[in-house]
Each structure stands twice: as C-alpha cells, then as structure tokens.
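Asker: What TrEMBL shows for this protein is this:
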type: TRANSMEM; residues: 69-87; note: transmembrane segment
type: TRANSMEM; residues: 99-123; note: transmembrane segment
type: TRANSMEM; residues: 184-204; note: transmembrane segment
type: TRANSMEM; residues: 216-233; note: transmembrane segment
type: TRANSMEM; residues: 245-275; note: transmembrane segment
Amino acid sequence: MELPGNFRSGYRSSSVVPEYFRRMIKPKQMDFEYAMWQMFHLCVAPRKVFRNMVYHKHASDHWARDDPAFVVVSVAFLTIASLAYGIAFRASLWAVLKLLLWSVFVDFVAVGMLVATVGWWVANTFLRSDDGASLEAASNERLTSLTLGADPLYGEFPGGSGPPPAMRSPKVEWLYAFDIHCNAFFPLFVVLYVVQFALLFLILSNSIVAPLVSNALYVIATLFYYYITFLGYSELSFLSRTNVFLYPAVVFVILFTILTLLQYNISAAVFSFYFA
C-alpha cells in the first residue's frame, strides 16, 4: 500500500534510531574507514565533516548518522586509553574498570545526552529562523519533489496539499545533536587522553609549570569541543545566532585561568579521583 508523503517522511525519521542500534551488532554494516576519515578531519578540518553531513541529509532526508561506526570506534578508543592509563598508574583492575565505565557511560554517553538535549532544545526553541526555514524547506522540496510525486515544473503535490510539514518547518533532530557531541568529543579525547598521556611525566611532576601545562590542555580541549559544537549547528541553514554555542567556552577559559593562577592542577585532581 502506498503511504502518504507526509507519513513516509515521519516514518523514516522515527525508524532511524532503532536501525541505528541494530547496526551496532552488525560490524559488516558499519563503515569504519569513513569513521576514521571523519575523526582525522575533525582534528584538522572539522568543517569538512559537517559539510559531508549536509550531503548525507540530501541523500537520506535526515541529518543524523545512520551508521554507528563513529560511536563504536570512539568507545574502542576510550577502552584502549583506559587500559593504557591503568598500566601507567599500575592501577587495580577495579580502578581501570572504574575509569572505563566513567569515561564511556558518564563522560561520553550521559554527559553527551545531556549536552545534546540542551543544544537540541535551545536550537529548536530560540534559534530557528523563519527565513532559514523557508530556504531549507525550498531546498528539500526541490530535492524530493519527484520522490513524493510533485509536478517537476511547478512543484505542486497531489491534491494541492503542498510539501509535508517537516519540509515546511525543519527542526534539529535530537540524534543529530548527539552526533555533534560525538564529533566534538573526539578532538577532546585526543587532547585529554592521548596528548595528556604523553605528557604525564611533566604534568605530574613538582615543576611550577605542571599546573600550567595541565590546565592548558583542558583549555585547548574545551575550545575544540565548543568550536566544533558551534560548527555543527551553524551548518543548519534554518538556525540563526548559533554563536551562542561558543559562550560556555569563555566561562571555562576564565575558570581554567583562575585555577592556573592558584597553581591548581586539574589533571592531578582527576587522576586522584580515578586512581587514589
């Protein structure tokens, strides 16, 4: 039975999440090479990653990834990093497990879901632009008119009903907001897990520069995170004033500066929490 155009559009969106989780247990359906390509470019040219997600939107009619490979690889990297830190600190099995569970289920998943929910709500409640929404809807209408049976010359839909509501008034998908967090988290992971690991000898020393180096890493990671978050939302043409996603970075930079002046070593405090 042929489904109405607006129902088909809604059905596709609602079916993304279940399919997303089903593919997690089917490695052959995941594109790990593309996930690694994204991770590399998030560190050197992050805008390119989001531009590719725009192309994905035109091809699949939703912004969010339907391939969980990026999340799976991120969890794998967190697992390897946790084991490496456990070996470096000669930690007990419980301490390593604590670090792994906290890194994956709190820092990456729980905090990510919270940040994604706040960003999704702020974007849809305060940042949607009528002009941008009209442009986005017009673009979607042109791209999908043939699929939904519109007149190719006049863009009219059967029965004169016009395009589906989702095309008239686009909104940020929650799963896309979570994708933004995942993208922003990876450079943070590189700085706070990989680079910091290489500098442990200095960060945990009694040197006067140890707090400076430690806190500088947190500043860099924070700036990476919020800049990539900003890029993710700014790529959506129906949103305006997306620079608000940069504001929290200013607060964190000020906080880290104060802590540095007080000679407070954030890394030492974090390691004490995990391995003390």
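Backbone N, Cα and C define each Cβ position, glycine as well.
Any TrEMBL annotation is an automated prediction that lacks curation.
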Asker: Between the stretches 69-87, 99-123, 184-204, 216-233, which wins on the count of C-beta pairs under 8 angstroms to the transmembrane segment (245-275)?
Answerer: 216-233
Asker: May I ask for the residues of the chain that lie six or more residues beyond the transmembrane segment (69-87) and have a Cβ under 8 Å from a Cβ within it?
Answerer: 24, 30-32, 34-36, 38-39, 95-96, 99-100, 103-104, 108, 179, 182-183, 185-186, 189, 193-194, 197, 274
